[in-house]
Amino acid sequence: MSAARGGGAVRTLRVPGRHGYAAEFSPYLPGRLACAAAQHYGIAGCGTLLILDQNETGLRLFRSFDWNDGLFDVTWSENNEHVLVTCSGDGSLQLWDTAKAAGPLQVYKEHTQEVYSVDWSQTRGEQLVVSGSWDQTVKLWDPTVGNSLCTFRGHESVIYSTIWSPHIPGCFASASGDQTLRIWDVKATGVRIVVPAHQAEILSCDWCKYNENLLVTGAVDCSLRGWDLRNVQQPVFELLGHTYAVRRVKFSPFHASVLASCSYDFTVRFWNFSKPDPLLETVEHHTEFTCGLDLSLQSPTQVADCAWDETIKIYDPVCLTMPA
């Protein structure tokens, strides 16, 4: 399908010299977006956290913060609309406040290699952050405390993705180059479930917002696979169509069986895994690796992505503007 839009024009912001790695909508402020970016494709140079706002004409840069190494992921605080955490190639996490012109407020430096993933817990009553690193560990943080609370070991290769369950307090998932998806509980030191999910490196995972037992993985084998934690012998769905590695996967906050994926094939694809023909739409508006992807929590139709072509885009794919 073409990249025609159902809900109006694509809003684009070009950021010269910055290659986008992650994008995340604010859970508080409609139209506010954070993007983690790096110079030189993340191989060398510094990183930038970009805070964007939408208006009628497009995207406006509200504030930007520089860090001395590439920034690979970003997550918003769940209890303060101004606060976010990023992670970087120097093994550190950074805490930022968008109400302040300078930063970071705090730096957490314990990982010994690149930190590729960071996520703030979504369940009420706990303000915890998980980080996943190329040092093969996951660390648990309380942002008000300078040191990590716990380190989780078990992965046998780099960790690309760590994400909290939106349903179960203290439960998170991780995906790794060791070809496994792992489920952890912060109250237990060891891993709860190990899923040999692909015969390739797994670059991303996400939890379904409507089913506490359902996760999706995206891998270098170009496939997305769904996993029911009650029986992980076989995937409950497999989505094929990408022609290069799947870089990020995200379930819809509004539709129980809809999800999105972005890839090194430059595309973003939208899927409904409950349909016999699950591919809903392919969006082709980037000219480089597409790494960052998020679906708005406020608007059922709005999507943001970013890529190594130095652009950040917000748009309404046709498939989300039409009735299911």
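Cβ atoms here come from the backbone N, Cα and C positions, even for glycine.
Nobody curates TrEMBL annotations by hand; they come from automatic prediction.
As recorded in TrEMBL:
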REPEAT    108-151  repeat 'WD'
REPEAT    152-187  repeat 'WD'
REPEAT    195-231  repeat 'WD'
REPEAT    239-281  repeat 'WD'
(request) Quick one: find which recorded stretch in 108-151, 152-187, 239-281 has the most Cβ pairs under 8 Å with the repeat 'WD' (195-231). (result) 239-281
(request) Go ahead and report the DSSP secondary structure tallies for the repeat 'WD' (108-151): helix first, then strand, then coil. (result) 0 helix, 19 strand, 25 coil
